[in-house]
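First the structure, in the form of structure tokens, and then the observations on it.
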Amino acid sequence: MMHPVDTVKTRIQSQAILSGSQNQKSISQMVRSVWAADGLRGFYRGVTPGVTGSLATGATYFGFIESTKKWIEESHPSLGGHWAHFIAGAVGDTLGSFVYVPCEVMKQRMQVQGTIKSWGSILMKDNICVKSNLQMYGYYTGIYQAGSSIWREQGLRGLYAGYWSTLARDVPFAGLMVCYFCCLILYFPNFLCILVIF
């Protein structure tokens, strides 16, 4: 549902790479630009890798939280309680990132491309001139073609571009999220009832 917002964010962030100009488009200008160049389809480019990555990561993340927490509490009783929750969330997110990061790389590249028509004319679109020393990649028709193309041209390094920075951002968040959620349930048991109602 929020993929179009993510597409606008990704395109705004990639403007400086695609153009020599430092003039950034505003959110409303970028929305109009995507609509004019690609229509509704442009807002949903990359949705398949995005959904695939989210589903696989969610399944891995939630699948490992309980087993990791139980293992920590049994093998290292001193790390029980909040630490067990934090570590379980961090481990779950780290394992999920093996699928999430390549899907995120494919999603972002497809979002930047838009439709084949706009990607083919990117040199002239909106007075954007691609920097001369920049190597661009070919148009991706779907998730499989994007993944195999990145693998063929850049190997694991291309598929896992930004892996360590993604872990630095997501692992502490995942650990804290599990820790805080478990604290809410422990100290405010009616909180879960309220969530279910809404």
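Every residue, even glycine, has its Cβ placed from backbone N, Cα and C.
According to TrEMBL, the feature repeat 'Solcar' maps to 1-71, 80-187. Annotated transmembrane segment per TrEMBL: 173-197, in sequence order.
Look at the repeat 'Solcar' (1-71): DSSP puts its residues at 58 helix, 0 strand, 13 coil. Applying DSSP to the repeat 'Solcar' (80-187) sorts its residues as follows: 82 helix, 0 strand, 26 coil. The repeat 'Solcar' (1-71) scores a mean pLDDT of 87 in the predicted structure.
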